[in-house]
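What TrEMBL records for this protein:
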type: TRANSMEM; residues: 45-68; note: transmembrane segment
type: DOMAIN; residues: 46-466; note: domain 'Major facilitator superfamily (MFS) profile'
type: TRANSMEM; residues: 88-109; note: transmembrane segment
type: TRANSMEM; residues: 116-132; note: transmembrane segment
type: TRANSMEM; residues: 138-162; note: transmembrane segment
type: TRANSMEM; residues: 174-195; note: transmembrane segment
type: TRANSMEM; residues: 201-219; note: transmembrane segment
type: TRANSMEM; residues: 284-307; note: transmembrane segment
type: TRANSMEM; residues: 319-341; note: transmembrane segment
type: TRANSMEM; residues: 348-366; note: transmembrane segment
type: TRANSMEM; residues: 378-399; note: transmembrane segment
type: TRANSMEM; residues: 411-431; note: transmembrane segment
type: TRANSMEM; residues: 443-462; note: transmembrane segment
type: REGION; residues: 481-513; note: region 'Disordered'
Amino acid sequence: MYRGFWPTLSIINVRVVAARYGERRARTMLASIKGFWKACRYGDLYMVLAALAAQSINISVGFCQGFSAVLLPQYTHEHPSISYEQSSWIASLGVISNPVGALLGGMMVDALGRRLLLQSIVLPNLIGWLVIAFSETYVFLCVGRFITGFTIGMSTASYIYVAEITTPEKRGVLSALGPGLVSTGIFVVYSLGAFIHWRRVAAICAAVSLLTPFLMYFVPESPLWLASKGQMKEAYNAMFWLRQNNNTAQQELMEFTKDRKLDESMTFKQKLGLFKRRSVLKPFVLLIIFFAFQEMSGIYVILYYAVDFFKSVGTSVNEFTASIIVGGVRVFMGAVGACLINSFRRKTLAAASGLLLGVAMLGAAVCDSLNGPPLIKLACVLLHVSFSMVGFLQLPWIMSGELYPQDIRGVMSGATSCCAYVLIFVNIKTYPQLENLLTSNGTLYLFAICAILGAAYCFLFLPETKGKTLTEIMRQFDDEKKEADPEAGYGKQTSLEGKPVQRRHSAGAAVSLEKSKEFAKQWVQGKSDMSNHRE
């Protein structure tokens, strides 16, 4: 009777322990799922998804920038009669329309909105790639390159959108996704061009151009742009979607709109006066000089003339293989740069990046002068590309969406990008003549010297933006801090005791304790609509 009792009891105990263990494990898994859902719902997931959707346009930018490197070798092989001058026009026509696109985009981004502009970029992008894919003559090929260049110029709206929807802590890494995705597009087009015909590559680029308008359909417009247009209900809905928290959404919109002066109350002369402020002119000059050093460091020459550049430098590796390696290095180092941008100060990162890429290019020049091993020259060029991706390449583009006041951020960002693209065009167009004048070895020395001088400039003059709100960034450029600047969206705030009182938030606006009558009217009108979304 008792002989079979203990085995039965043991089996029951094992089953009870297993059931309790399974229950604890199930509870742990359930808690993990709830925690993940809570993080997705109340964390930064929606903000990250919106930033990724906007930055996806930079994949097409990478296609446009890298396409000439695979087009020129194949096209000159098919048409041996093409001159050196005509080849340089094929490469540079993808850049000459960038300034026009940047100016148009800068004006349209404030009038139409960030989201709609990013969706409309598909039109010139798609048309341009189709013209290239079906071109039968040299002229049509140049026309297609010119049209696709508009995409590059107008794409800077993505940096404005990301700067306005993100928190100060996440703004750096999410903005750095842009150059990283540009590198991804370059790597893809280099890889495709090594194996398939350039017409098919153009057709693939045309298909990918539909990605951004599709993704942007699911994300909201910039809440700050909506609020600046007086659309408070839409602004709240957009902010609620991004933050997934009612209190946070209301607080951030209240902070942004309390001290903001409506554009309708300003005269035309006053609006023109906005462009004469120190907070506009000084960052514009600083960024243009930064861009000048960037272009003369050889970053875009290697990008647009990758295959021909490696052929002229004389590496032992096949030119197409070397270009694919460069594209892969850019993608990897772009990811590294996105991680570093949240760990180091902008000034330190830019200076260190410029110095290292200058030293790497100097090593390639010295190796070329001494007729050293070709692999060492290739390694130095790859180091130059690697170091450029951790600060010197992406920072001026990121900062063009950070340094300007909210009221004219779109226009000034477009103007800055326009000047930068003019510099790129001059650099790309004159490179063949420069190489003939200085030889390939002389151009390497020139690139190295300009990169080192650019590093010194960044260390001495570049403003710091890491971890700062947009308002704090703008305050660095003001001589007078005593009076409020309603157009810039900030001012000197005082409490009852007369001490400054401010709060930090993702838009970078300073919170005033005084409630303006204009804001009160707007808020009361939209308050009933907001209550429907309360948690």
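Backbone N, Cα and C define each Cβ position, glycine as well.
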Stretch contact, the transmembrane segment (116-132) with the transmembrane segment (45-68), Cβ-Cβ under 8 Å, 3+ pairs = yes
Mind checking which residues of the chain, 6+ beyond the ends of the transmembrane segment (201-219), have their Cβ under 8 Å from one of its Cβ atoms?
-> 49-50, 52-54, 56-57, 59-60, 63-64, 67, 70, 115, 118-122, 125-126, 129-130, 132-133, 144, 151, 189, 192-193, 241
Paired segments the transmembrane segment (88-109) and the transmembrane segment (411-431) in contact, 3+ CB pairs under 8 A | yes
Distant-in-sequence neighbours of the transmembrane segment (411-431), which means Cβ under 8 A and at least six residues beyond its ends = 88-89, 91-92, 95-96, 98-107, 109-110, 152-153, 156-157, 159-160, 275, 280, 284, 287-288, 291-292, 295-296, 300-301, 304-305, 396-397, 400-401, 404, 443
For the transmembrane segment (319-341), distant same-chain residues with Cβ under 8 A (at least six beyond the ends) = 66, 69-70, 73, 172-173, 175-177, 179-184, 186-191, 193-194, 302, 306-308, 310-311, 349, 378, 381-382, 385-387, 389-391, 394-395, 398, 466
Beyond a gap of at least 6 residues from its ends, the CB atoms lying under 8 Å from the transmembrane segment (378-399) belong to 156, 159, 172, 175-176, 178-180, 183, 283, 287, 290-291, 294, 297-299, 302, 310, 313, 315-317, 322, 325-326, 329-330, 333-334, 336-337, 340-341, 346, 349-350, 352-354, 356-357, 360-361, 363-364, 367, 417, 420, 447, 451, 454-455, 458, 463, 465
